[in-house]
Amino acid sequence: MDLLPDLWRQDYWLPPGVTWTDMEQLADSDRPRPQDLLVALPLALGFVALRYVFERFFAPPMGRFLGVKNRLQVTAAPSPKLESFYTQRSRQPTQSEIISLMVSCGKTQRQIETWFRLRRNQDRPCQTRKFGEAAWRFFFYLTAFMAGLSCLIDRPWFWDHRECWRQYPVQRMERAHYWYYMLELGFYGSLLLRISVDIKRKDFKEQVVHHLATIFLLSFSYCANYIRIGTLVMLLHDSSDILLESAKMFNYGTGWRKTCDTLFVVFAVVFLVTRLLIFPTKIIRTTLVLSMEVFEPFAGYYFFNILLMVLQGLHIFWAGLIIRMVYKFLKGKLEKDERSDEESEIEEEELDKGGEENMDHGDRYWEKSKDTLNSKLSMLTNSCVLNNLTNHRSSVADRMRKAQ
């Protein structure tokens, strides 16, 4: 408890020469107060409940309209020893572990490998579940972006970023901006609450860092009355996330490939422009350089800009994935989303059934975000394995007839 008074030291949160008393010039409803952040907790729980309702009652009819279908899965044969190894040790055994399992289970190497492929496929999230998650995020990001734009478009700091610091920190907070902050904070809080049960993607750790950095950034910027620049940061991020989630929704559907491809290209352009061009040259420059025209550096100045740098680092990471996807897309070799869920890569299953081989069709997925991004797209195509196999058998039969 002795640390609590130090936490709210005014030299941490306010520029030199400004005190909390100066902030009291504004009415309670016109200035940010730390206790206001408590509203975000029930809002986060409310978003969790609202998401459940949305994914249960609204997402399914949307998915049916777009033709979202779950893939048929072949379940792995019951094997207590293999199941125990899968759940307790590894989902992908090494070669030496496979040999050990062959001895203990009395199976061939091919049977062991096939069993683990089938077992991993059982844990993959179904298309309808992934569609529901994408639809929910699309609904929020679209609503938040439209609400944010409507309450910022006529504000002077939207066009002239120097206005973000005019008379700082004694700036009146509008109620619309207060709710914009609380709703965004509650939404990212709900993502953090559900992160353990949501679809786990390859950039899971980056998503956790992103959610934490966003929550810290929103909380600090609110308490320090960085609200004007904070609203610009939120609006900028929501703009590309809308396109990301909409592209994922059409990707999970059937017969929307051109729409999905178009949205993906537009998303890639918007993401690269907003996150790699506008964010560092406009937003970070505003907080790092233009703010120094009004006040001297202080602890909060450094903390806020460090959090922005963390976000920029994540932007660069995701931009690298997107550029790789664009390259594969343009080369016609896009096989999967670089940040798709871990088992979204298609694995061809080869099963022995009565001496005949049945090959699984290879699908191609692309998906991005979270969010950001949790970023995130996959494409579907069918392989020609069966056709090649049929042609091969026909050619063999022809040679045998000629030999006779």
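Residue 1 is the first one shown; counting continues down the chain.
In case you wondered, yes, glycine gets a Cβ from its N, Cα and C as well.
Nobody curates TrEMBL annotations by hand; they come from automatic prediction.
If you look up TrEMBL, you'll see 341-351 marked as compositional bias 'Acidic residues'.
What TrEMBL lists as compositional bias 'Basic and acidic residues' is 352-364.
Here TrEMBL flags 69-126 as domain 'Homeobox'.
The domain 'TLC' annotation in TrEMBL covers 129-331.
The transmembrane segment annotation in TrEMBL covers 37-54 (among others).
Sequence annotations record features per position, and here TrEMBL assigns transmembrane segment to 138-158 (among others).
The transmembrane segment annotation in TrEMBL covers 178-197 (among others).
Same-chain residues lying 6+ beyond the ends of the transmembrane segment (262-281) with a Cβ under 8 Å from its Cβ atoms: 236-237, 239-240, 243-244, 246-247, 250-251, 311-312, 315-316, 318-319, 322-323, 325-326, 329, 366, 368, 375, 377. Sequence annotations record features per position, and here TrEMBL assigns transmembrane segment to 262-281 (among others).
The transmembrane segment feature in TrEMBL is assigned to 301-323 (among others). Under 8 Å from some Cβ of the transmembrane segment (301-323) lie the Cβ atoms of residues 15, 203, 206, 209-210, 213-214, 216-217, 220-221, 224, 226, 233, 268, 271-272, 275-276, 279-280, 283-284, 287-288, 291, 295, 338-339, 368, 372-373, 375, all in the same chain and six or more residues away from its ends.
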Completion exercise
The average per-residue pLDDT within the domain 'TLC' (129-331) comes out at 92
Handout entry: Folded-back contacts onto the transmembrane segment (138-158), same chain, C-beta under 8 angstroms, at least six residues removed
Key = 47, 54, 164, 174, 176-177, 180, 183-184, 187, 228-229, 231-232, 234-235, 238-239, 241-242, 245-246, 249
Practice task
Take the transmembrane segment (37-54) and find every residue of the same chain, 6 or more past its ends, with a Cβ under 8 Å from one of its Cβ atoms.
Solution key: 132, 135-136, 139-140, 182-183, 185-187, 189-190, 192-194, 219, 222-223
Handout entry: Number of helical, extended and coil residues in the domain 'Homeobox' (69-126), per DSSP
Key = 35 helix, 0 strand, 23 coil
